[in-house]
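Notes for the one structure printed next.
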Amino acid sequence: MNNVILRTITAVVVPIIALFSIQLFFAGHYYPGGGFIGGLMAAGAIVLLLIVFDIRTVRKMIPINYQWLIGTGLLFAVGTSAGSLLFNVPFLTHAYRYVHLPLLGKTSLHTAVLFDTGVYLVVVGITLVIIETIGESD
Amino acid sequence: MSTLHWAMVAPFMLALFVPFLYKHVRSIHTGWFILPLPVALFFYFIRYMDIVQQYETVTETVPWIPSLNIHFTAYVDGLSLLFSLLITGIGSLVVLYSIYYLEKEKEKLHHFYVYLLLFMGAMLGVVLSDHLITLYLFWELTSISSFLLIAYWYKRERSRYGAKKSMLITMFGGLLMLGGFLALSVMGDTYSIRELLAHSSTFVNEPLFSVALLLILLGAFTKSAQFPFYIWLPDAMEAPTPVSAYLHSATMVKAGIYLVARLTPIFALSPLWIWLVGGTGIVTLFWASFLASRQTDLKGILAYSTVSQLGLIMSLLGIGALAFHYNFAENIFIVATLAAVFHLFNHATFKGSLFMVVGIVDHETGTRDIRRLGGLMTVMPMTFTIALIGSLSMAGLPPFNGFLSKEMFFTAMLRVLEADIFSLETWGILFPVLAWCGSVFTFLYSFLLISKTFLGEYRPERLEKEAHEAPVGMLLAPMLLALLVIVIGFVPNILSDTVLAPAVYAVLNGLFKPGEGVDVHIAHWHGWTPEVFMTLGVIAVGTVVYKTFPKWNGVYRRLPERLSLNHLYNRLLEWMEKGSFALNERYMTGSVRTYLIYIFTAIIALLSVSIVLKGQWNIEISRFAPVGIYEIVLAVVIVAGALTTLVSKSRLTSIIALGSVGYTVALFFVLFRAPDLALTQLVIETISVALFLLCFYHLPKLRDHGKGYSFKLTNAIISIAVGVVVSTIAFLSHAYKPFESISQYYVENTYEKAAGKNMVNVILVDFRGFDTLFEICVLAIAALGIYGMIKLRMTKEEKLEK
């Protein structure tokens, strides 16, 4: 079946969804969003690719083992939480600092973002593991 | 640890080495290695006689669990010394006997001696312990080692049956006794028996007094095979004969006697104790001696005879407790306690020898059935002599020691008539009457035992082996016991001052001062008293009954088997097994629906009952927020979606309707200003609907597919009730808000402390990030679980294909 329209639209839409996902993720600390919904959105973009192309093609496009992604995400979350122990403060104490960056201006750097990255990666990983596993089974 | 403690644990320690001795020294019978220990212990305990004779006691303590006030306290007084001497003395003889009885090649001797040593140590522990908890520990150890010994020939079905029965009954009693001990320790605020005895008079009015009394008595009665718990003892005769001689005549069955004797000063003030101990004892005496005459198995006769003699001792202890109700000066009931202690000793001697004799007969002829035995008198003269001495002593005939204690028993029973408390002046007449009848039967079975085995004509064709006299080694132990029977019969007073007086003093703790007056009674064993005439009556009537026994023997056959306690026990076990099985079958249906009904019904019942009991029926309307048009519309939509899910005929409709419910919830989140929740809810609802559709697509083509739901009234009622109860609780709890919410803290500090403006997200990753950490773990586990289930299923299928 020739679904050229679908493919073309996908090519345009997936970057937009991906950007939206990243926006949701980074805005999470100040506006609605965060790791969870961001991760789901990113997974959604890849699901759209899966619908339009087949699993093998998508694997070539994005050569990531999603199970590793889950592990990496958990490491991020635990690492951030346990990192605070090095500074002699309780587990999961976050730190933040305002810095002036070129282009962006006054920006807050916050370890909570690292924690949220863990959430993000885990959510992307689990969604895609589930969907791929089910999709591959007959 | 003191020497006394080493003496207590020595059997356990030797038991450790028995298997090595058995495996590595095969040429020597393992029993020879065991024998020195009980002999040494016997002579060790003899040394305590000097101390005990002075009415002094020895106490040694080793802490076990000091924080819980549990210690191994060993305590030696007259009573424990008497028992210790019996245990080690008869233990030595039994070990000697077993060396000749059990064959070195055929039997698993290491099992036998390990169990026997365990038992010996446990029994010493029971009689020497001053601490209730350690007493209980050793008590259960005797039960366990007895269980092991009864089932020594574990390949026989009857052995296993007997072992299980004795285990169930004695453990039942043991556990109840533990309850009694705990009640006792609560009353006295101590575990030490000595301390309990010291202020025992204050217990009578305690609410736990009767509870402790009943529970402890149940423990003692089950162990000592009293009515109606005697049924395990005849079945325990499947054990090897040395075991029967040791455990089931001389020692273990007297553990209950020991306990009753030991705790008499505490409970004696209660009429319940006197009636229960005395009454049960006398009933057991009568009933078991009646049943003993019908047995055809020699060990069966001895088993019932043991039960009956234990009943005798028990009844004497019950009457002896009356002594606490009278002044010491004119006290006529002390003789009962003296008789109990004396008979305890005598019974151990003659019953031990009788069991050994029966074992010899079994060993040399191959049978114990009195219908096949007879005329062994000339073949086995030594065995016959010992049996005669033992039986005559058991029957209570002069000049043997059984006569003396039976005279004292009659004296005690007659003196019951002089008591004027606890309706003993009227119902007390039962005691001498039953005692006398029981003695007649005792006389009967003692003579049957002798005549059926040794008298009559010798018929070798009925026997499995050719009968001949036993080897000297086997005869040695019963000979020593028989010698003791005679010696005590002629010179009883060698015992009185050394052993019996201190024991009586220990049983009647606190009643009199050391050395006051009991000795007179022991010396006083002669004279034309009513007791002598009772004995003469027993002999006369007994002889008549014995002569005419074949004529009225049929009475026993009239006794229906269905009414026997054994039958009752078997049926009870069967009924319990079947009953619990049927119960399980009934409610554990295996259907998840049924279990859900149980769970929901329980929820409804518990919640509604607690609502009603609390009775807080205020619903505060002032706290309700105003309801807008959007909420109403969305509520209608969500209710419509839910109803569609419920009543739709096709599953597809239900899935779609469920999706609509989910999206409406997302809309509610929007309406109630929860953007994060709304976003997540939308995406998650989409994914789950997609998964539902996937499931739907793979459903098997069933016959009734698409027919819709079937209506069940119970389910409808339960679900409505759950809804009503949960809604009610929601309304009620809304009205009940005693504290301000803590959300104000988050509102104030989200930016101040966490440098964020999205409060939800800050709570998720910062204030309460710990929860999030594990929620993503949950997600990871779920994903890996799905992966595992699908992939593993596939590999399994592939394997099958190969």
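Keep in mind that glycine also has a Cβ here, set from the backbone N, Cα and C atoms.
What TrEMBL records for this protein:
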TRANSMEM  B:6-22  transmembrane segment
DOMAIN    B:65-112  domain 'NADH-Ubiquinone oxidoreductase (complex I) chain 5 N-terminal'
TRANSMEM  B:112-129  transmembrane segment
DOMAIN    B:129-416  domain 'NADH:quinone oxidoreductase/Mrp antiporter transmembrane'
TRANSMEM  B:166-188  transmembrane segment
TRANSMEM  B:208-233  transmembrane segment
TRANSMEM  B:301-326  transmembrane segment
TRANSMEM  B:332-361  transmembrane segment
TRANSMEM  B:532-549  transmembrane segment
TRANSMEM  B:595-615  transmembrane segment
TRANSMEM  B:627-647  transmembrane segment
DOMAIN    B:636-701  domain 'MrpA C-terminal/MbhD'
TRANSMEM  B:678-699  transmembrane segment
TRANSMEM  B:711-736  transmembrane segment
DOMAIN    B:714-791  domain 'MrpA C-terminal/MbhE'
TRANSMEM  B:772-790  transmembrane segment
Considering the transmembrane segment (B:711-736), which listed stretch of B:532-549, B:595-615, B:678-699, B:772-790 counts the most C-beta pairs under 8 Å: B:595-615
Secondary structure composition of the domain 'MrpA C-terminal/MbhD' (B:636-701) [DSSP: H/G/I, E/B, coil]: 57 helix, 0 strand, 9 coil
Residue counts for the domain 'NADH-Ubiquinone oxidoreductase (complex I) chain 5 N-terminal' (B:65-112) under DSSP, helix then strand then coil, are 31 helix, 8 strand, 9 coil
By DSSP, what is the split of the domain 'MrpA C-terminal/MbhE' (B:714-791) into helix, strand and coil residues? 66 helix, 0 strand, 12 coil
Distal contacts, the transmembrane segment (B:532-549) - CB-CB under 8 A, six or more residues away: 293, 395-397, 403, 406-407, 410, 414, 432, 436, 439-440, 443-444, 447-448, 451
Where else in the chain does the transmembrane segment (B:678-699) make close Cβ contacts, counting only residues six or more beyond its ends and a cut-off under 8 Å? 651-652, 655-656, 658-659, 662-663, 665-667, 669-670, 705
Best-packed against the transmembrane segment (B:332-361), counting Cβ pairs under 8 Å over B:112-129, B:301-326, B:595-615, B:627-647, is stretch B:301-326
So if I exclude everything within five residues of the ends of the transmembrane segment (B:772-790), which remaining residues of that chain have a CB under 8 angstroms from its CBs? That is, six or more out. 764-765
Return the average pLDDT for the domain 'NADH-Ubiquinone oxidoreductase (complex I) chain 5 N-terminal' (B:65-112) as a whole number. 89
